[in-house]
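Student: Take a look at what TrEMBL says about it:
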type: BINDING; residues: H55, H65, H205; note: heme b 1 binding site
type: BINDING; residues: H187; note: heme b 2 binding site
type: DOMAIN; residues: 5-224; note: domain 'NarG-like'
type: TRANSMEM; residues: 6-25; note: transmembrane segment
type: TRANSMEM; residues: 46-72; note: transmembrane segment
type: TRANSMEM; residues: 84-109; note: transmembrane segment
type: TRANSMEM; residues: 130-154; note: transmembrane segment
type: TRANSMEM; residues: 191-215; note: transmembrane segment
Amino acid sequence: MTADIALWVVLPYIALTIFVVGHVWRWRADQFGWTTRTTQILENRWLRLGSPLFHLGALAAIGGHIMGLLIPKAWFEAVRISDHLYHIIAVGAGTVAGLMVMVGMGLLIARRVVNGRVRRTTTRMDKVMYLVFAVVVILGMAETVGVNLFGAGYDYRDTVAVWFRGIFYLQPDSTLMAGAPLVYQLHASSAWVFIALWPFTRLVHVWSAPIAYLWRPYVVYRRRVDTGQPGTVTRTFRRAGRAVGPVPTHPAWQTLRLRRK
């Protein structure tokens, strides 16, 4: 077995197997640990800024990878998106998304380092995950900025994207990745390591996102507030933000209620 086969054929399938089996094992063995272990109550100022930046940037980066790796180049040509236009979109959006991820991740990691209470909630696997993910992000920015923005440029859709889709067709061509620039090779290999680590970290909470909340019916709360009206108790009931009236306590009303019964 050559090094190219090991890196670009064997490693992806090992990582995907660990990803799937690891999630099944984690769910069966550690359902109570299937959480982000939120630390919002311990520190909220840095989290309020870093978390949206990181998550929005990560979603944008995932969307860019789907567009660049899973959609064939011929489909873009069919809708008259030229290589130059695609290059501008990919570099511009990729740079913004990468910067958002880096700034957000930097704030979140600094928060865990500076705040002792937050630091004590960080597991060893989380620390490894942060390190590997930082490597993946830095290498991705090196591709976008170093190669495609300030460098000679490289159209990965002819090589890296074809190899990546071949993994799911069970026909990965290792020679395509072997001829890619080194930074693309390092980015891809570190990404597979990150995918293999995923099930054993707090990242499993991604699959527990409360999507059902979008169509869940509203919960109606009732609140009692002071009214100060004479002849009644000093409270009134509110339903769905609208007062339904005071609760009468006058003796004549009580007598009428008894007669109705």
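Placement of Cβ uses the backbone N, Cα and C atoms for every residue, glycine included.
Because TrEMBL annotations are produced automatically, they should be read as predictions rather than curated entries.
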Student: Kindly state the mean pLDDT of the domain 'NarG-like' (5-224) in the predicted structure.
Tutor: 88
Student: Check the DSSP secondary structure of H205 (heme b 1 binding site), expressed as helix, strand or coil.
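Tutor: Assignment for H205 (heme b 1 binding site) reads helix.
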Student: Taking the Cβ of H65 (heme b 1 binding site) as the centre, how many other Cβ atoms fall within a 10 Å radius?
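Tutor: If we count other Cβ atoms within 10 Å of H65 (heme b 1 binding site), we arrive at 16.
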Student: Within 10 Å of its Cβ, which one of these binding-site residues (H55, H187) has the largest number of other Cβ atoms?
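Tutor: Result for the most crowded candidate: H187.
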Student: I'd like to confirm something. Which of the binding-site residues, H55, H65, H205, has a Cα closest to the Cα of H187 (heme b 2 binding site)?
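Tutor: When the Cα distances are compared, H65 comes out closest.
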Student: For H205 (heme b 1 binding site), what is the tally of other C-beta atoms lying within 10 angstroms of its C-beta?
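Tutor: The Cβ of H205 (heme b 1 binding site) has 13 Cβ neighbours within 10 Å.
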Student: What whole-number distance in angstrom separates the two most remote CA atoms of the heme b 1-binding residues H55, H65, H205?
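Tutor: That value is 21 Å for the farthest Cα pair.
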